[in-house]
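Shown next, in structure tokens, is the structure this report addresses.
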Amino acid sequence: MKKIVPDVLLEKYKSGLGFNLAEALDRLNETFVRADSFNFYTSVAVISSSKIEGESMDVDSYIKHKIQHIEYLPELTEKPNDLFRAYVYAKENRLTGDHFSEAHRILSEHLLPVGGRGIYRQNEMVVMEHKTGRIQFEAAPSHLLETEMGKLWDDTDQLLHADLSLEEIFYYAAFMHLLFVCIHPFNDGNGRAGRLLEKWFLSDKLGPVAWYIQSEQYYYRHVDEYYRNLNRLGVFYEELDYTAADRFLMMLPKALDN
């Protein structure tokens, strides 16, 4: 039995998809067959995820940097490049709690001091929208982090070993992303890490094709909706209403159908 990832919206999710996930994945798999596809589409994913968090480098320039090896000022490329290395690490390793902590250490190299990388925060935190500076919600209290993240990793391990339908894989990937962002266990890098967690779970369940799903780009292009859908759950972690998560969960498959 799962401890934190709820099934409450699963049937509504399945009935509301409106398109065939398997066919969409097949089309994606047939399209991206070049040897450099991972680097290109991960570059797009990384800079899109970074821009949600306020990074200033534009998508085209970062692609030139990664694919054509054009140099830019370090302050523009350091944090996106750290995130890129975290995606490569995820591609090469199975999703576990320890591996995820290592991925956070990698992606936060230019975000946090050494003592804050891959380590849960000890302070309280409110989550703010980078674009407007508005408070979104209050993250999980620090004294609950070990318990809540323990539940999330127990559920993740159970789901990774379960025989899931394609619809269930997408549902749980998005819900894990949502729960992680609501918990917000680190001092920084939580948004980037949550979107990586979603993609990593998809990769472990679906194989390499998952890395070509442009979920991060979809979230960036619809960033107001992304934050608005997070807001629908409520303000205080212990009072969040996960029955209001349906619109957020539907954003991931829309990235595939976009």
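Any Cβ shown, glycine's included, is placed from N, Cα and C.
What TrEMBL lists as domain 'Fido' is 95-251. Summarising the annotation, TrEMBL assigns ATP binding site to V127, M128, E129, H130, D188, G189, N190, G191, R192, A193, G194, R195, Y219, Y220. The active site annotation in TrEMBL covers H184.
A C-beta separation below 8 Å, combined with a sequence spacing of at least six in one chain, links E129 (ATP binding site) to Q136, Y227.
Cα of R192 (ATP binding site) to Cα of the residue listed as 'active site': a span of 11 Å.
Listed in sequence order, the binding-site residues near the residue listed as 'active site' (C-alpha within 10 Å of its C-alpha) are V127, N190, G194, out of V127, N190, G194, Y219. In the three-state DSSP scheme, E129 (ATP binding site) falls into the coil class. In sequence order, V127, F180, V181, H184 are the residues near N190 (ATP binding site), counting only same-chain partners six or more apart with C-beta under 8 A. Taking Cβ-Cβ distances under 8 Å and a sequence separation of 6 or more, the neighbours of Y219 (ATP binding site) in its chain are S48, S49, I52, R195, Y226, M251, A255. Taking every protein chain shown into account, H184, R192 are the recorded positions, and of these the Cβ with the most other Cβ atoms within 10 Å belongs to R192.
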